[in-house]
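Annotation comment: Swiss-Prot describes 659-672 as compositional bias 'Acidic residues'. The feature region 'Disordered' is assigned by Swiss-Prot to 642-684, 722-742. The transmembrane segment feature in Swiss-Prot is assigned to 109-129, 138-158, 178-198, 233-253, 285-305, 318-338, 368-388, 395-415, 438-458, 463-483, 533-553. If you look up Swiss-Prot, you'll see 592-630 marked as zinc finger.
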Amino acid sequence: MEGVMENVGGLMQNIRRRHMSITEMTEESVRLGVAQMDTGFKKIKEMSIMVLETGLRLPGLLFIELLWRYQGFSFEDISDDMMKQTPLSYFDIPTMLDFVHRRNFDHHAAIILSYFVIFISLMFLTLPLSRLIRMYSHFLSVFLFGVAYKLSAIYVDLEMKTGEEELKLDGLIKLERHGFHFLAQMLLVVLQSMLLEVDGEPWRVALPVFALPIVARMCGCPMDKLKNAHNYACTGTMIFIATYMLYRAPSLIKSTKTALRQIKAVFMVHGLADGVAVLWRKLRILELLTFTWITMFLMVLYVELIDKGRTWSEVGRILLTGVAETTNTPITLAALAVSVSYVCKWIADLTKLITGGTRSHGHVLAHSGYTEAVSVVILCIQTGFLGMQVEQKTILLALVLYIVISALLQSLFEIIEVVLLNLPSSPTASRARHARCICIALLLVVIPFFTTKTMLALLPIDIYTAIIIANSATVTARAIGVILKYIVLIVETKSEEPWEGIDDLTYYIDCANKGIELLAAKVVMVFGCMQVVKVGFSFATFAILLFHVIVNIYKRLEHTVSFIKNRNAAVKNINRLSKADVVQLREREDVCAICFIEMKEEARITPCKHYFHGPCLRKWLAVKMVCPLCYTYMKEDDFDSKSSSSGTLNEVQQNEEGAAVEENPENPEEQPEAPNAERAPGDMFDWDDLFGFRAERETRNRNEQRIHGARDMWPLLVDNDAYESDSDAGSEELVIEEENNN
C-alpha cells in the first residue's frame, strides 16, 4: 500500500512539474511577445519622431533656399512673369504682386527682413524638438490673432451695412448675430491660451481683445465709432504681442546660451571633425536635405502637370525639367546629391534583399550611394550647372543622371555577381532564390539597352555619351558572362566529381568578357580622338581621354595579360604533375582538401605528396603558387616528370614525408629550396630583385602565409586582384576558429 501511495505521489509531482513547466513556457512566450511588441513600437516611435522632426524643420531650409535664390532682387523687380516661373505659381499671383508692390519696402526694411528670415530659419534648424514644437505653437497663436482680426473686421462691416444707429437687443434673433461672433472670438481665445500655455490671469484677460467691437456695439456704441473700437483692439493686440515677447526674451536668451554651451561641450569631447559629425546626425541634415528637395520637386511637378496642363506623354522631359528648376543653389545641389545617394542605396539594399545577400555594406563607400552622389556634385561643379538656364540644365542633367545610372548598374552587377556565383555551392538555397537572382541578372542585361536608347533620343553623341554606352555594353556582357558561369557551375554541382572541362569554359567566358571590355574601351578612345580632330582640342576632353586610356585600357590590358599568363602557367604546371590511378585513390579513400568531394577516378599529386582534384588544383594555382594544405611554395623545378614513379613508390615517399612533416611542423621552412629559383610565370617585374632582397622577401611571405592558415579558400571565390586587395583579417579569423574547434 505504501508503494502504491509513493507511486501516486511521484506521479502527482511529475504532473505538477509538467504543469509548472508549461506555465513557465507560456509566461516566457508571452514575455518574448511583449518584448517584440515593445521593440516594434519603439521603432515606430523613433521613425515617427524622425519624420515629425524633419517635417517641422523643413521651413527653415526652404526660407534659406528662397532667400539665396532671390538675394540679388529688390521688391520692385519682382514681376508677374517671374512669379509664374516659381514653384508657387498656383497661388493668386496678381494679389501677391499687388501686396508686395503696395508695401513700398525701402532698402533698410529689406535688409532687416532678410536678417529676420535668417534668424527664424536658424531657429527652425537648430532648436530641439520640444522647443521647436513650442515655436510652432507661437506661430499658430499669431495666425489665430489674424483670424480674430478678420472676424472683427467682418463684424464691423456687417454692422455698418445694417444702418441701425442704435442697437436694440429686444429679441433673440437680434442677439443671435452678436452672440455667434462673440462665441467665435472666445473659442479662438481658448485655443490661444492652450497653445501659449499662459498661466496668469492678466494674460488671459488680454487675449480676447478683438471682442472689444462686439462688446462696444452691444453696449450702445454709435456706428461711426465702431471702427475706432476695432482699431483699439488692433492696438491692444500689438501691445500684447510686444509685452509677451519682452517677457519671454530672457528665457530665449537663456536657452540660446545653454545650446551654445552644449555645442561647445560636444566639440570639446569629440573634437572638431567628430563634433561636426555628431551635430550633423543630431540635426538630421541628410534627411532634411532629402525631404526639402523632394518637397520642392513635387511642387514643380504639380505646377507642370496641373497648372500648365502638360500631358503624361511628356513625363520624361517633365521630370528632367522639374529637377533642373529645383536645383538652383548650392543647397539644392547638395540636396539633389543626397537624394541620389539615398535612392541608389535603397535600390542596392532592395537588390540584396531580393537576392538574399547581406545588407551590410562592408565599406562606407561600398554600394551605399556615396559614389553616385559625389559624381553628381563633381560633374555639376565642373560644368557650371548652377549658372545655366533651365534648357541647358535639362540637357546637362540628363547626361549626369545617365552617368549615375551607369554607376548604379555597375554596383548592382557587383552585388549579383557574388551572390549568383555562390548559389550553386549552397545546398540550402531555394529555387525561388535562384529564380530571383537570375531575374536580377537578366534585368542587368536588358536595362542598359533601354537606357542607351532613351539617352540617344534625348542627347547628342559626344565623348560622355560614348563612355556611358561603352559602360552599358560592358555591364550587359558581364551579366551574360555571370549567367553562363552560373549555368556551368550548376552543371558541375550535379556531377559526382569535378568536371575536367569546366575550368576551360569559365576561362573562355572570362576571356570573352575581358575582350569585350577592351574593345569597348578602344572604340571610345577612337571616337574621342575623332572628336578632338573634328571639334577641336579642349582640356576637359583631353583629361577624360587620358584618364580613359590609363584606367580603362592600360590597366585592363595589364590585368588581362596577367590573368592569361597565370592561367596558362597553372595549366602547364598541372599537366606536369603526376596523376594518381584508380587503385591509389581507392586505397586512400580520401577527399579533396579544396572542394571536400571524394576522389574516385582522378587526382593530381603535388611535389609535397598531397592529393587534389586536377580542376580544383588548377584553379588554386592560377591564383597562388603554393600547396593548399601545407602552403609550400611550388617552384618551376618542382613541376617535372621525375617526380612521378610507380604507385607503390609514391605511397612510400608520401608516407615518409608526411611523417616527417608531422614530426617537425613548426619548421617547414627547413625544407631544401633552390637559392636561385626562377620567378613564377605571370609575376611582374619586382624592384626587390634589383637590390637582392627577393629571397628574404619570399621567405617572409611564406612564413606569414603558413601562419595565416593552410585552409584559405578565398582563391576559389575571387580573382587575383580581389584576393590581393583583400585584407588578411578574414583568413586569420578562419584559422582561429579551426584551432578552437580542434
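Placed from the backbone N, Cα and C atoms, the Cβ positions cover glycine too.
Note on the zinc finger (592-630): DSSP counts are 8 helix, 6 strand, 25 coil. Averaged over the zinc finger (592-630), the predicted model reaches a pLDDT of 76. If one looks beyond the transmembrane segment (395-415) by at least 6 residues along the same chain, the residues whose Cβ comes under 8 Å of a Cβ in the stretch are 320, 323-324, 327, 340, 344, 347-348, 351-352, 355, 357, 367, 371-372, 375-376, 379-380, 383, 385, 388, 440, 444, 447-448, 451, 455, 458-459, 464-465, 468, 471-472, 475, 478-479, 482. The transmembrane segment (138-158) shares the most Cβ pairs under 8 Å with 178-198, out of the stretches 178-198, 233-253, 285-305, 463-483. For the transmembrane segment (233-253), same-chain residues at least 6 beyond its ends with a Cβ under 8 Å from one of its own Cβ atoms are 142, 145, 149, 152, 196, 203, 206-207, 209-213.
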